[in-house]
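Here's the structure we're looking at; comments come further down.
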Amino acid sequence: MIWLAIIIEFAIQNWIDAGILLGIQFANATLGWYETTKAADAVSALKAALKPLATCKRDGKWQTMDATILVPGDLVLLAAGAAVPADCIVNEGRIEVDQAALTGESLPVTMYKGDTPKMGSTITRGEVEATVEFTGKNTFFGKTAQMLQGQDGLGNLQRILLKIMFVLVVLSLALCFTALMYLLFHKNESFKEALSFTIVLLVASIPIAIEIVCTTTLALGSRQLSAYGAIVTRLQSIEEMAGMNMLCSDKTGTLTLNKMEIQEYCPTFKDGETLQTVLISAALAAKWKEPAKDALDTMVLGAVDLDGLDVYTMVDHSPFDPTIKRTESHIRGPDGKEFKVTKGAPQVIAKLCGAENKPEMKMRVEAEVANLGSRGIRSLAVARTAEGNIEEWEMLGMLTFLDPPRPDTKHTIEQALENGVDVKMITGDQVLIAKEMSRILGLGTNIPDASGLPKLDEDGKIPKDLQKYAKTIVEADGFAQVYPEHKYLIVECLRQVGFAVGMTGDGVNDAPALKKADVGIAVAGATDAARAAADIVLTDPGLSVVIHAIIIARQIFQRVKNFINYRIAATLQLLTFFFIAVFAFEPRNFCITGFERYTGYNIGTMPPLSYSPCEIKVPSGFENVPTDNGPALGAYINSLPADQQQQFISGVEDEFPNFFQLPVLMLMLITLLNDGTLISVGYDNVRHSPRPEKWNLRVLFLVSTVLGVVSMGSSLLLVGLVMDSVNPGSLFENWGLPVPPYGKLVTMIYLKVSLSDFLTLFSARTEGPFWSMRPGKLLMGAALVALSLSTCLACVWPQGDLDHVQVEGLALKGGDNYTLWPLWMWIFCVFWWWVQDLLKVISYWLILKFDVFQARTGALVNLRDAFSPSANEIADEVTGMVETKLLDKKVAAVEEQVTKIARTELHGALPPQLARISKTTAIARTSMTGANLGRTSASQIVQQVAEIEDALAQPLGGNISAAERAELEKRADAMRQAAARLQRVSAVRGDAPSGSGPTLDTIESGKHA
């Protein structure tokens, strides 16, 4: 479209306009090139990782070769420290394999004959021969690379901009073509003049720079994000993060520290033993003076003071033996006495300590292992020989360890919920470990394994029936024991049913899902493949920066939306004004009337004018015509014969403008000054939304139309008033204003459109009155500069012709001898700006009150393209889901504080009121466990919250400190607000509370103790 306009501009020799359009087009192309340069980075990183070396048996000899030339059936050697070169099958023996790059599992996995170590994993212990099963793209790792290909496409913002541009272009083409036909066949304009006007109008009305301004705003936002340790690699992802309503997170290294840590809980089996003494014995069972050999030794040795072990001497050491599942050391103490220590699997150590003959110890060990195992907590038993008998073993205790959550993870998840973003944990680790971590983080314990998840088709493509898994995926709190293709398909399934999905991860196994997600986030320390696939790369550990990124992204979204709202309004103003002006006004009549009043020719009863509003051009064939003296010119005309009079008058009238237009330069100045200055929108002050953003284009166009119609209508009114000023009894005459020359009318409209455009921006940036949000300093400064420049140009524009259109500076005396027109223009524009802003506020009020285009309900449905719970089954399922989870956390916080008060302040005794609160919070949390997907009505939950409030309003009893009481009140207030949010959202589903139940007002007006 733009190229067509450029060609036409060159064809009609409008060189300046064509040059400006070429510059804009090249700028757009440059930005597009920049955005696509990294398209193949993720695949390249994976290809680089797909080239390990392999030890293979060929021609009866073992030889090292490039793993890319392996074929199925080759015999390879898998030894400690080596990377697995292909998907293999273990022939004999036993090895330990680190699969963290594939599954995220923290500890190595033991594999035996028939097991299949995957390409991309690493052998940590042992040595076996294995047969190659799959190579290259057929391996799990290769399929990961395949999943990364072909995922580039239009971002959500680009799709939105295309829709907006399509509407505006179609409207512009229709109106401009209609105007062209009208000028050609009704006004009898020349084809070149008519085409020049319509092309310039078309170019000025189409928001060519909309993508440049939006991209610049996003780029400025990316700089803000970098201050929080978030590096944006794809600008469009900022807008998508603003609308993100589902965050899928890898566990290991993202939610957790990716480092096993000893837990405080340590069951002991010998009097006098503590966690510290058991740790020292465990450290003595390792070579503490050498680098740790495995993850368990690293964990144990990192938890003790190694310098304190120097008083011991290691006589002998037996490293970990997979057949007996323990390590053993022979130690000489500082007193010269010798003893042995061992650490290993609890059942093995218990048996070593004679558990078969000690049923009490055996039962306790089994009970501890079962209890810890049910929560996904690993354990390590430690034993030492008895004093005086180096062959008799005594059980000391059991060390418990876990990859703990990051300190900020739980709070970050709660903040995500407060911002309307649901969180799911997706991990390759075991189900029990995943459930325990999910319980600790408050995510819920509905964590199934991957057995019920979809898989890629045989050709590696996404299954066509993927959406049938949507309900299962949405209802789950997360998934465990998943492979890369599962993460990839989980993300794609959520996207297909309407979620805007964010995905965090750090490993190669996360790369496909990071690429597929609307917003892929590589956490600190991520692999090259993960960083290349991600849209945002975090440089600081943990997920807390994601919350900052969400808030900043929503602020940027507001700026982009405000600009687009303004840009649509400005386009509608400009386009419809000139379109209607072509049909509605006859500037030739204005000029003829002014000419007649100036010359006295055919004046009738009208009073004379001392000047001609329009330039008088003498027709050819007439000489010595006194055009600078009206009465003399009138006398000259009257002195001519009748036929020459008619010829003279017709010649003069033919030179008067046939339709109203602005010179090309003025239109280009309006466009360039406005769009150039509006880059400062990226620095504007805005409020971020508490919920994920979504585009409601119908509401956007409606509000833009209101803004544009007021600006357009006031411009038409101005032209009409000026055109009428030449007639006796006009408003101008009644107000004592002179008839403006036509050149000043053109300049008036230039200044009016310029001022209205900028003032419209200040209306478009808020839903309330324009003063409800202070504009950014840079935006205000840029606007003042542009307004001043436009005003100055309008004041001093030299008198003359531009593109055959008369122009004249408003502050020049000219024929009307009047220099206050700029002041009147400012008064006129500011008045209509207030009218415009008032109508905008009324429009938003009506839109929200009557839910026009689902403006109110659509914002509460947590799907990107759904604006009603009835839109589909998933929309109904997820409406209120996040609010229920948030309320559950707030109720849990109240319950936790009551428990703390009972334990620390009341020595375990609960007064009746606190007991009532504790009981009601437990019931409410049980209700919400079933209500995660709307199984329990919100009114029931809100009623239970109201009961908690009622109990809090009564004297609590007991001697509770002011600090603890204040904390309880604070948490209760947060609970009340969360309940109000749930009730507000549930009203959209028609789940309003019954007449006997509590209302929003009763919740919000509840009193605290």
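Just so you know, glycine gets a Cβ as well, placed from its N, Cα and C.
Look at TrEMBL and you will find 51-149 tagged as domain 'P-type ATPase A'.
TrEMBL lists 164-185 (among others) with the feature transmembrane segment. Sequence-distant contacts of the transmembrane segment (164-185), counting only residues of its own chain at least 6 positions beyond either end whose CB sits under 8 Å from a CB of the stretch, comprise 1, 191, 193-195, 197-199, 201-202, 205-207, 210, 564, 568, 571, 575-576, 578-579, 582-583, 659, 697, 701.
The annotation transmembrane segment is assigned in TrEMBL to 197-220 (among others).
The transmembrane segment annotation in TrEMBL covers 564-585 (among others).
According to TrEMBL, the feature transmembrane segment maps to 660-683 (among others).
TrEMBL lists 695-722 (among others) with the feature transmembrane segment.
Per TrEMBL, transmembrane segment is recorded for 742-764 (among others).
If you look up TrEMBL, you'll see 776-799 (among others) marked as transmembrane segment. Within its own chain, the transmembrane segment (776-799) has Cβ neighbours under 8 Å at 669-670, 673-674, 677-681, 683-685, 743, 747-748, 750-751, 754-755, 758, 761-762, 807-812, 814, 822, 825-826, counting only residues six or more beyond its boundaries.
The transmembrane segment annotation in TrEMBL covers 819-835 (among others).
According to TrEMBL, the feature region 'Disordered' maps to 984-1009.
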Residues in the domain 'P-type ATPase A' (51-149) grouped by DSSP into helix, strand and remaining coil: 18 helix, 42 strand, 39 coil
Stretch among 197-220, 695-722, 819-835 sharing the most Cβ pairs under 8 Å with the transmembrane segment (660-683): 197-220
Long-range environment of the transmembrane segment (695-722) - Cβ separation under 8 angstroms, sequence gap at least 6: 156, 160, 163-164, 167, 243, 561, 564-566, 568-573, 576-577, 580-581, 584-585, 590, 660, 730-732, 740, 745, 748-749, 752-753, 756-757, 760, 763-764, 828-829, 832, 835-836, 839-840, 843-844, 847, 852-855, 858-859, 867
Contact set, same chain, for the transmembrane segment (819-835): CB under 8 Å, 6 or more residues outside the stretch: 710-711, 714, 718, 737, 740, 744, 748, 751-752, 755-756, 759-760, 762-763, 791, 794-795, 810-813
